[in-house]
């Protein structure tokens, strides 16, 4: 009974969520688009000519935002957007997509080959592992995913590039922040208005690689 009530509460909240309605009106595939938009506007990130890598891209709302930001005359992407997810993603015009597990060495190699040695301007990651409900195990999974995104960014970003990663407050969060601060000159936490109040998610924005 409790599970059914939770389900009904979630559906009611979802239907009445203003960001869900705005996403539908603007053609975004998920309300998460507004989280990225707020972060980009606040941090003044992403512009035409950038090379952007979108990790954990499905269903595609962040790639849609990136496409809007990089669109030049005639709507053609000025720059590159490379997206990756374990799940399938409906095509987004101008976005190069790889379906595969970012933790898989062969998939990572495919992504690196697609980047082709070009200096990346921005890595955005909305990746989140499947959670078990066991605190210690979940914290380790979250930390691992964040560290993978961090390692990729440090190996491919240009010196003044940036990384946006979803993380969750809880055990292991301070270690994640510390790892980011060891590699970047500036690291800030952002909780966009579109993040639900009850959610422990926060976004780390790291800028300017340390030499």
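Note: Cβ is positioned from N, Cα and C throughout, glycine not excepted.
The S-adenosyl-L-methionine site recorded in Swiss-Prot comprises 60, 62, 85, 101 together with one of 17, 126, 138, namely 126.
In this structure the C-alpha atoms belonging to residue 85 (S-adenosyl-L-methionine binding site) and residue 166 (active site, proton acceptor) are separated by 15 Å. Within the same chain, residues at least six positions away from residue 60 (S-adenosyl-L-methionine binding site) with a Cβ under 8 Å of its Cβ are 29, 30, 83, 89, 90, 92, 95. In this structure, the C-alpha atom of residue 101 (S-adenosyl-L-methionine binding site) lies 17 angstrom from that of residue 166 (active site, proton acceptor). Between the binding-site residues 85, 101, 126, the minimum number of other C-beta atoms within 10 Å of a residue's C-beta occurs at 101.
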